[in-house]
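Annotated features, as they stand in Swiss-Prot:
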type     : residues                : note
BINDING  : 60, 62, 65              : Na(+) 1 binding site
BINDING  : 60, 62, 65              : K(+) 1 binding site
BINDING  : 101, 103, 106           : Na(+) 2 binding site
BINDING  : 101, 103, 106           : K(+) 2 binding site
BINDING  : 149, 180, 183, 189, 190 : 2'-deoxyribonucleoside 5'-triphosphate binding site
BINDING  : 190, 192, 256           : Mg(2+) 2 binding site
BINDING  : 190, 192                : Mg(2+) 1 binding site
CROSSLNK : 41                      : ubiquitin cross-link
CROSSLNK : 61                      : ubiquitin cross-link
CROSSLNK : 81                      : ubiquitin cross-link
MOD_RES  : 72                      : N6-acetyllysine
REGION   : 183-192                 : region 'DNA-binding'
């Protein structure tokens with residue numbers, strides 16, 4: 001998944017950018033995930049609001065916008081800035097940690113460690129490459145590329161390459177590009193591919209070759225350019241669209257490919273399509289109906305609250321049907 005949300009280009013872009021910056025600060029510096037989620041939810045709701053927000057009171061009528069966030073919106077609308085953010089930006093340690101976490105492979109803990117050692121900028125990282133692991137070096141190498149959003153038009157071209165090459169390896173493979181792209185987003189942060197094969201189930205032995213054969217094919221056609229990590233069920237790497245007729249080079253992009261057992265595939269597709277907030281709402285509804293859902297299975301809950309055996313699932317719609325919830329197309333899941 002992408003490291004950072006791009007600035008919003010909406011009616012209330014200033015407000016959503018402010019909330020996203022606060023969210024990143026809470027996650028990366030304070031490691032306060034509940035506050036991170038609260039700011040993100042508010043930003044997501046406001047991004048879809050069809051009118052220009054004129055006050056915190058107006059924003060507060062929206063789900064997920066509480067009193068404290070409404071007060072921050074009032075301050076931002078009145079002054080064009082937020083004292084809390086100004087303070088964060090002026091604090092060298094906070095701003096440096098926040099910045100370094102934008103490098104793929106550098107999480108909040110690693111960023112804090114680097115800052116404690118006086119490593120605060122890209123230039124500092126380049127001078128201290130011996131202190132970086134393989135993933136972080138690749139993240140540094142392609143930092144500028146990874147910062148760029150991927151336009152939907154490019155994502156569609158990337159999808160065409162992946163799906164066609166997968167079928168060349170074996171026509172029985174099933175692959176789905178998930179994330180915000182599947183929900184119809186105009187741009188994406190990275191490419192998230194789920195992969196399965198009828199011969200691989202949760203009962204069968206591990207079959208890493210099913211994943212590795214696909215990765216090797218995508219390397220052979222020079223779509224995958226770098227490997228960050230390659231396990232038995234997950235590949236993390238870098239890809240690039242081929243340039244046409246000596247046109248300018250396309251940026252390098254992050255790609256993850258996950259191999260999922262066939263019987264767990266559609267629970268995985270549902271989970272990795274998102275959005276996070278939609279998934280939380282769906283899980284809450286499932287619990288009310290006596291089921292528990294995660295990225296692997298849907299299981300009934302007994303009277304004692306203990307989950308039973310996984311239920312058979314052959315499509316996303318099956319999961320909606322079990323919990324008696326009206327099916328929603330991926331484009332309607334961006335909550």
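Backbone N, Cα and C define each Cβ position, glycine as well.
Structure coloured by features recorded in Swiss-Prot.
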residue	record	CB count, 10 Å
41	ubiquitin cross-link	22
65	Na(+) 1 binding site	25
72	N6-acetyllysine	23
101	Na(+) 2 binding site	22
103	Na(+) 2 binding site	26
149	2'-deoxyribonucleoside 5'-triphosphate binding site	20
189	2'-deoxyribonucleoside 5'-triphosphate binding site	22
190	2'-deoxyribonucleoside 5'-triphosphate binding site	22
192	Mg(2+) 2 binding site	23
256	Mg(2+) 2 binding site	19
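DSSP places the residues of the region 'DNA-binding' (183-192) in helix, strand and coil in these numbers: 0 helix, 4 strand, 6 coil.
Closest by Cα distance to residue 256 (Mg(2+) 2 binding site), from the recorded positions 61, 62, 101, 103, 189, is 189.
When the recorded positions 60, 61, 81, 183 are scored by other C-beta atoms within 10 Å, 183 scores highest. Between the farthest pair of Cα atoms in the 2'-deoxyribonucleoside 5'-triphosphate binding residues (149, 180, 183, 189, 190), the distance is 16 Å. Distance from the CA of residue 65 (Na(+) 1 binding site) to the CA of residue 41 (ubiquitin cross-link) is 8 Å. Among the binding-site residues listed here, namely 101, 103, 106, 183, 190, 183 has its C-alpha nearest to that of residue 62 (Na(+) 1 binding site).
Over all protein chains present, the Cβ of residue 180 (2'-deoxyribonucleoside 5'-triphosphate binding site) has 24 other Cβ atoms lying within 10 Å. When the recorded positions 61, 65, 72, 101, 103 are compared by Cα distance to residue 149 (2'-deoxyribonucleoside 5'-triphosphate binding site), the shortest distance belongs to 103.
Other Cβ atoms within 10 Å of the Cβ of residue 62 (Na(+) 1 binding site) number 16 in total over all chains. Considering only the binding-site residues 106, 189, 192, the residue whose Cα is spatially closest to the Cα of residue 65 (Na(+) 1 binding site) is 189.
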